[in-house]
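S.K.: Feature list, courtesy of Swiss-Prot:
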type: SIGNAL; residues: 1-21; note: signal peptide
type: DISULFID; residues: C24-C42; note: disulfide bond
type: DISULFID; residues: C35-C63; note: disulfide bond
type: DISULFID; residues: C48-C52; note: disulfide bond
type: DISULFID; residues: C67-C79; note: disulfide bond
type: DISULFID; residues: C80-C85; note: disulfide bond
Amino acid sequence: MKTLLLTLVVVTIVCLDLGYTRTCLISPSSPPQTCPKGEDICIVKARCDEWCLRRGPLIERGCAATCPEFRSNYRSLLCCTTDNCNH
């Protein structure tokens, strides 16, 4: 009986994905998205182009496997590891 119970527990664990998945914002007005497996970092990139002074920086939010490298056209870059931390 103990063997059967242990087998059922093991099968349940194998069949269910017990891995935690991160949720991040993709825009301020939409609900959070579940990040793909392996992408556990939420990011916010604010970058400038030739129209930056008129309309402001372009904001990109989402999930990433690693924190992107800061580039010269970024105004800011935020990488965080809690759910919906990229607001």
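Here the Cβ of each residue, glycine as well, is placed from N, Cα and C on the backbone.
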S.K.: Within 10 Å of C67 (disulfide bond) (Cα to Cα), which of the disulfide-bonded residues C24, C35, C48, C52, C85 do you find?
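M.R.: Of everything listed, nothing lies within 10 Å of C67 (disulfide bond) (Cα to Cα).
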S.K.: Taking only C-alpha atoms and a 10 A limit, tell me which of C35, C48, C52 are near C42 (disulfide bond). These are the disulfide-bonded residues.
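M.R.: Those close enough are C35.
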S.K.: Enumerate same-chain residues with a sequence separation of six or more from C24 (disulfide bond) and a Cβ-Cβ distance below 8 A; give 'none' if the list is empty.
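M.R.: Residues satisfying the criterion: P32, Q33, C35, C42, I43, R61, G62, C63, D83, N84, C85, N86.
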S.K.: Can you check what DSSP calls C63 (disulfide bond), collapsed to helix, strand or coil?
M.R.: strand
S.K.: In Å, rounded, how far does the Cα of C48 (disulfide bond) sit from the Cα of C79 (disulfide bond)?
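M.R.: For C48 (disulfide bond) versus C79 (disulfide bond), the Cα atoms are 18 Å apart.
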